[in-house]
Amino acid sequence: MAKNWNPDSWKTHEAKHMPVYPDSARLNAVESTLTSFPPLVFAGEARALTADLAEVAAGRGFLLQGGDCAESFAEFHPNNIRDTFRVLLQMAVVLTFASKQPVVKVGRMAGQFAKPRSSPTETVDGVELPSYLGDNINGIEFTPESRIPDPERLLKAYSQSAATLNLLRAFAHGGYANLRQVHQWTLDFMDRSPWAQKFAEVSDRIGEALDFMQACGIDPQTVPQLQGTSFYTSHEALLLPYEQALTRQDSLTGQWYDCSAHMLWIGDRTRFDGSAHVEFLRGVGNPLGMKCGPSLSADALLKLLDTLNPARQAGRITLISRFGHDKVEAGLAPLVGAVAREGHPVVWSCDPMHGNVIKADNGYKTRPFDRILSEVKGFFAVHRAEGTHAGGIHIEMTGRDVTECTGGAIALTQEGLADRYHTHCDPRLNAAQSLELAFLLAEELNREASERTRQAA
């Protein structure tokens with residue numbers, strides 16, 4: 001357990017990107033209510049994820065983390081949850097086959113509401129109002145009333161997260177994640193996709209492997225692992241009053257866990273020296289992620305690792321790089337080298353989204369698919385050069401047919417962005433682009449798998 005820590009010790013540290021609630025009494029009442037509510041996840045589940053991530057850190061697995069940029073109350077619907085879950089499963093099957101390793105599946109779901117913003121205010125037609133900070137804090141409508149932080153939104157966020165988790169657990173263990181069914185979804189999708197021919201060989205080989213297993217009597221009816229899957233949740237631990245209210249002490253170990261999600265991460269803007277967010281998360285037993293961008297030096301990273309994981313527990317820390325396609329190789333290599341030299345057992349994951357946002361000519365924020373892919377390839381190139389394991393990918397995506405990121409085989413243009421641009425925050429890959437990225441990523445993982453085989457020979 002962390003020394004000199006308790007669930008509210010973060011309050012003596014600097015808390016950036018936190019809303020100021022005008023009615024502190026209402027906030028206190030909501031916090032008290034949340035404290036009395038059941039945990040959303042359990043300590044044993046968080047420990048299971050840590051164990052899975054320890055395998056990834058050792059080079060024996062791969063982390064797939066994806067979901068909404070920011071969940072919203074308006075888009076809360078079982079079909080949206082189902083579609084995102086389904087695409088993540090499809091991606092995982094492709095990546096498992098290519099890497100010949102287990103894929104740990106973690107959703108940016110059931111709690112990913114709050115978002116730090118680059119400016120505390122925004123101006124529209126000469127009117128300046130506080131920025132939208134996420135549906136669990138204030139409203140997206142551009143009115144003075146909507147932009148006032150409202151503690152009652154925390155209760156709605158809890159309820160939506162609980163319902164989302166309930167559905168995800170049912171999907172993961174109720175037969176919906178049947179391996180052959182997941183592969184059939186991919187085949188059906190490819191029949192309608194412009195890139196079907198390019199990836200037909202990989203898809204056919206997966207089908208042949210499933211046919212062989214069935215011929216040997218290995219099928220979803222006899223092997224539970226083919227009928228269901230492990231699926232975890234995660235979000236950025238930004239709104240600390242909410243996180244503290246859902247922190248519980250495990251009755252078996254005495255360790256504190258943030259029971260709002262299995263995994264929490266610290267953003268690029270909140271990992272500074274003296275951060276309240278770092279202070280809070282150093283004391284909980286959950287596996288933690290930390291965004292690493294151009295502003296992070298190797299020395300600062302090592303200091304943060306000593307703070308967050310002094311025992312150097314494998315699976316505890318996932319470092320999520322976010323540099324941009326043109327900066328990843330130069331920026332990431334010094335960090336990877338420093339961490340390797342110090343012997344920290346981390347998972348390295350690539351966020352190819354946040355460093356590649358541009359403003360289209362028509363005013364929409366977008367992310368070009370070719371830049372996303374370029375950053376992923378640069379990430380793998382760094383790890384090949386350093387002799388370390390490229391352990392995961394962290395993407396903002398949806399199972400819906402939105403038009404928010406340009407490019408890909410569907411060749412979405414800037415002019416097409418307005419068709420179905422639904423995001424409440426940053427642009428997401430749609431279902432087709434997410435699957436295409438998985439097949440392209442499979443080529444990198446195939447190369448890694450071949451290299452492992454060569455070295456073992």
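Using N, Cα and C of the backbone, Cβ positions are placed for all residues, glycine too.
As written in TrEMBL, here are the features:
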BINDING   Cys69, His354, Glu396, Asp426  Mn(2+) binding site
BINDING   Arg108, Lys291, Arg322  phosphoenolpyruvate binding site
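Sequence features, as recorded in TrEMBL, placed on the structure.
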{"residue": "Cys69", "record": "Mn(2+) binding site", "CB count, 10 Å": "20"}
{"residue": "Arg108", "record": "phosphoenolpyruvate binding site", "CB count, 10 Å": "27"}
{"residue": "Lys291", "record": "phosphoenolpyruvate binding site", "CB count, 10 Å": "21"}
{"residue": "Arg322", "record": "phosphoenolpyruvate binding site", "CB count, 10 Å": "25"}
{"residue": "His354", "record": "Mn(2+) binding site", "CB count, 10 Å": "21"}
{"residue": "Glu396", "record": "Mn(2+) binding site", "CB count, 10 Å": "25"}
{"residue": "Asp426", "record": "Mn(2+) binding site", "CB count, 10 Å": "18"}
Open item on the list: Using a 10 Å cut-off between Cα atoms, which of these binding-site residues sit near Arg322 (phosphoenolpyruvate binding site): Cys69, Glu396, Asp426?
Closed with: none
TODO: Rounded to the nearest Å, what's the C-alpha distance separating Glu396 (Mn(2+) binding site) and Arg108 (phosphoenolpyruvate binding site)? Just drop the number here, would you?
DONE: 8
Task: Cα proximity to Arg108 (phosphoenolpyruvate binding site), best match among binding-site residues Cys69, His354, Asp426 - done: Cys69
Task: Cα-Cα distance, maximum over Arg108, Lys291, Arg322, record's phosphoenolpyruvate binders, Å - done: 16
Open item on the list: Can you give me the residues near the recorded phosphoenolpyruvate site, meaning same chain, not Arg108, Lys291, Arg322 themselves, Cβ no more than 8 Å from the center of the site's Cβ atoms?
Closed with: Glu236, Trp265, Gly267, Asp268, Gly289, Ile320, Asp351, Met353, His354, His394
